[in-house]
Amino acid sequence: MNKQIFVLYFNIFLIFLGIGLVIPVLPVYLKDLGLTGSDLGLLVAAFALSQMIISPFGGTLADKLGKKLIICIGLILFSVSEFMFAVGHNFSVLMLSRVIGGMSAGMVMPGVTGLIADISPSHQKAKNFGYMSAIINSGFILGPGIGGFMAEVSHRMPFYFAGALGILAFIMSIVLIHDPKKSTTSGFQKLEPQLLTKINWKVFITPVILTLVLSLGLSAFETLYSLYTADKVNYSPKDISIAITGGGIFGALFQIYFFDKFMKYFSELTFIAWSLLYSVVVLILLVFANGYWSIMLISFVVFIGFDMIRPAITNYFSNIAGERQGFAGGLNSTFTSMGNFIGPLIAGALFDVHIEAPIYMAIGVSLAGVVIVLIEKQHRAKLKEQNM
């Protein structure tokens, strides 16, 4: 594997490992500092909101100043965020840590996505994005496990560990990452508003809407999953860990071994539509499942559809972006963060109304995504006929 690709994958893995580390440790912080569930919600939302605001600037600056520089700045911010959380003893410090962490993700994500697109041959781009999505998934899987294990020693240890990894990733990036000779900055040599008018914004409307809608539905489901299974079939933390880990492993395997093969036979939009329909069917089965093993088995396969959609959308963004890979990566990260910010807030309120309501929400959002894809496919077909 190309050394640069390996380092980029490591950086992405680090960011999402750091996000996952927080999950088992935050309740301990809440108890120590006397914080409430609302405070926990604010800490989670602060990260997503910060990433959402910073991502478009991170993407544009990556195109202008170089993706390596933006990635390195993001990694330094990541380490600062983790060390702040490790030493924090009041809510204000923890909140500032999460804001800085969101800024870090908002710089690293578009920088890495754009650089992978730049250095990947066209025939390997879909495969490399599939690997990237699998690595993101792996970070989410391993993060809570590592965080929970280290918390047995000290609930602050996971954050020191993540901060140290950030420094290591920064050093590796300085030494091993090089911006490609061919620049993808045309139109962004100066950060002037009128230059944005040169972008064909209509091209990005459908992927932006899809990204927002799908991240909203997916985050709503994933955020409430542990509470849902605990209330429905009395899953213990161990059961939930097995279900999430199993689902994550299956999702990662499909991304690594099957995603690029599917991309040879389907367009991104067609593949996204079929993945959404698969997810709808599995979510409906989850609603009707009431036994321990039936829900466990469904949990192993429920994430496959969502995990296949992520790299498909990333690849779709890349293919329509042309020489604006950093800009497209910034848009992708921005609207993913927006969905990750809004989804859990809505799902939490719905869960208080009815235990199945967040699942219904995810089903409705997935069906809406299918409709959006079909409308876009018809629109493209008409444009193709007009150009013939």
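Glycine is no exception: its Cβ is also placed from the backbone N, Cα and C atoms.
The model shown is predicted, which means the values in this text are computed figures rather than measured ones.
Per Swiss-Prot, the features are as follows:
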- 5-25: transmembrane segment (TRANSMEM)
- 42-62: transmembrane segment (TRANSMEM)
- 69-89: transmembrane segment (TRANSMEM)
- 99-119: transmembrane segment (TRANSMEM)
- 129-149: transmembrane segment (TRANSMEM)
- 157-177: transmembrane segment (TRANSMEM)
- 201-221: transmembrane segment (TRANSMEM)
- 239-259: transmembrane segment (TRANSMEM)
- 269-289: transmembrane segment (TRANSMEM)
- 293-313: transmembrane segment (TRANSMEM)
- 331-351: transmembrane segment (TRANSMEM)
- 355-375: transmembrane segment (TRANSMEM)
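The transmembrane segment (293-313) makes no contact with the transmembrane segment (42-62), as judged by fewer than three Cβ pairs under 8 Å among residues 6 or more apart in sequence. Contact between the transmembrane segment (99-119) and the transmembrane segment (269-289) is not supported: fewer than 3 Cβ pairs lie under 8 Å, counting only residues 6 or more apart in sequence. Touching of the transmembrane segment (201-221) and the transmembrane segment (355-375) is concluded from the presence of at least three CB pairs under 8 A, sequence neighbours closer than 6 excluded. The transmembrane segment (355-375) shares more Cβ pairs under 8 Å with 269-289 than with any other stretch in the list 42-62, 157-177, 269-289. Long-range Cβ contacts of the transmembrane segment (269-289) within its own chain (Cβ-Cβ under 8 Å, at least 6 residues beyond either end) map to 210, 214, 221, 262-263, 295, 298, 301-302, 304-306, 308-309, 312-313, 316, 356, 359-360, 362-363, 366-367, 369-370, 373-374, 376-377.
A contact between the transmembrane segment (42-62) and the transmembrane segment (331-351) is present, since 3 or more of their C-beta pairs, 6 or more residues apart, lie under 8 Å.
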